[in-house]
Amino acid sequence: MATENCTVVTEFILLGLTDRAELKMMLFVLFLVIYAVTLLGNLGMILLIRITPKLHTPMYFFLSCLSFVDACYSSVIAPKMLISFLVVTETISFSACIMQHLFFGVLVTTEGFLLSVMAYDRYVAVVNPLLYTVSMSKQKCIMMVTGSVIGGTINSLTHTISLSKLSFCGPNIVGHFFCDIPSLLILSCSDTSMNEFLLLIFSGVIAIGTLLIVFISYLLIALAILRIRSASGRQKAFSTCASHLTAVTIFYGTLSFNYIQPSSQYSVEQEKVVSVFYTLVIPMLNPMIYSLRNKEVKEAAKRAIEMKSFSC
């Protein structure tokens, strides 16, 4: 009978980013602009790479995949968050909450894998430039991206399935703006120790594994750069990696703050702030990070604008 009583929660109430009415409209406008810039920047990057033959290289293939993932996973979160600023009480059904968690988990983990793949790509480009196109064949690139998606799916399915088996007796108030697993675990009336263990192990192994690939790749890149005699050559080699290294640092810095910690140290308010960065701000910044210091992207964008102006 106790188990039956623990099946009453069929929907959750999302508290959103703030409950202060005077801030809601301002935040709605702010995050609507951020979301619009995110979509415009990432979809624009994909289109620019597609229409520019010079950018049809492994590096930009991975960048277009990263842009697609950024656009998708911000879209999993942003619409529901924006609605929460306009209504008094924002609710989400249990099944919709589970699906949001599933898709977000797949996409954010895929992004982590893609960043490590891109580090390996930069390693091959700097250390073996003459064999770059041979080593990073189209088939190999597609396999790497496919592997990243499969890895992200396995990770997210593991947590989603274990989460769906929990019982929720109430309260049903999620102190967050989306269905993130730590904020859901504290609402369950079941034993969540296994869920916490899986979250810690999977997040830790994936983070350490992907960061190890990034670290080794950049260590070998640094050694290769030091062997370059000309200052201009060293500068060119470093500039090809600086944008990616910046993106990796921001992405893993925010995610590790949230997920690689026990529930006893979990704070909803600090987690909300950090979550804004990796769900909305980072997807917006990535196109800027990869384009502002990239001469090829800037030239391609300039040509595209000139062609558009000429056609008009």
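Here, residue 1 is simply the first one shown, and the rest follow in order.
Just so you know, glycine gets a Cβ as well, placed from its N, Cα and C.
The shown structure was predicted, so the numbers you read here are calculated from the model rather than taken from an experiment.
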Per Swiss-Prot, LEU14 and MET307 on one membrane face: no
Secondary structure content of the topological domain 'Cytoplasmic' (218-237), with strand meaning DSSP E or B: 16 helix, 0 strand, 4 coil
Lowest local Cβ density among CYS97, CYS189, which the record lists as disulfide-bonded residues, within 10 Å: CYS189
Result, the transmembrane segment (197-217) in contact with the transmembrane segment (55-75) (3+ CB pairs under 8 Å): no
Taken over the topological domain 'Cytoplasmic' (218-237), the model's mean pLDDT: 81
